[in-house]
Amino acid sequence: MNDSALDIITAHARDGARLRETFFAEQATMLRETALRIAACLARGGKILLCGNGGSAADAQHLAAEFVNRFLVDRPALPALALTTDTSALTAIANDMDFSQVFSRQVEALGRKGDILVGISTSGNSPNVLAALEAARRIGMLTLGFTGRGGGRMAALCHMLVDVANPSTPLIQEIHITAGHLLCQLTDYYLFENVAALAPYLHADTVNED
């Protein structure tokens, strides 16, 4: 019996490298603009809320930790909170209301106008993430989506969209966390190294009204 493990490894590495090169070549300007808006939100005293399910929940927690602790350089802590970690709140909302509201209820409690909600869903159609984005827009928050396959229903609810045009969920997730790392690095850059670039964003109304 032939062992095709090495072929599987080679194919995955090849496909991932091709997707990564294409995505970042095409989306560099979008990532820069998104980082500027995140940095401006934080500079104005806002915060970042993040949500997702399964692997996307892990990404939400991972990125929140990078903001709160540090990324590549020592700097002040930045306010970010993953809405996936409070088991008492999650189970109470799911039990008393509905699982589709586990994030939106927290957004209603914690979100403020000018804050940013990051919703992560490889399909772009997770009901509880959609509900959270809708709640965020009602409050006047900026919405950032990490999606795949064209963005699904999330595309219409996001002011900023990191969409990975690929059918493979694992490859989408790999690009998501790499893009998230870049946004952390660029946010630090604009907050602590190139503050002048933030000037046009600090006083602009960055929320597009529906």
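Heads up, the Cβ atoms here are built off N, Cα and C, so glycines get one too.
Annotated in Swiss-Prot:
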| type | residues | note |
| --- | --- | --- |
| DOMAIN | 38-202 | domain 'SIS' |
| BINDING | ASN53, GLY54, GLY55, GLU66, ASN95, ASP96, SER121, THR122, SER123, SER126, GLN173 | substrate binding site |
| BINDING | HIS62, GLU66, GLN173, HIS181 | Zn(2+) binding site |
* Asked: How many whole Å apart are the CA atoms of GLU66 (Zn(2+) binding site) and GLY55 (substrate binding site)?
  -> 17
* **DSSP three-state assignment (helix, strand or coil) for GLN173 (substrate binding site)** => helix
* Asked: How many Å lie between the Cα of ASN53 (substrate binding site) and the Cα of HIS62 (Zn(2+) binding site)?
  -> 13
* **CB within-chain contacts under 8 A for SER121 (substrate binding site), separation at least 6** => GLY52, ASN53, SER56, VAL129, GLY145, PHE146, THR147, GLY152, MET154
* Taking the Cβ of GLY55 (substrate binding site) as the centre, count every other Cβ atom within 10 Å, in any protein chain shown. => 16
* **Fewest-neighbour residue among binding-site residues, criterion Cβ within 10 Å, set ASN53, ASN95, SER123, GLN173** => ASN95
* Structure fact -> Record-listed substrate binders ASN53, GLY54, GLY55, GLU66, ASN95, ASP96, SER121, THR122, SER123, SER126, GLN173 have a maximum CA to CA distance, in Å, of 32
* Asked: How many other Cβ atoms are found within 10 Å of the Cβ atom of HIS181 (Zn(2+) binding site), counting all protein chains shown?
  -> 15
* Structure fact -> GLU66 (Zn(2+) binding site) has its Cβ surrounded, within 10 angstroms, by a count of other Cβ atoms equal to 20
* Once the chains shown are all counted, how many other Cβ atoms turn up within 10 Å of the Cβ of HIS62 (Zn(2+) binding site)? -> 16
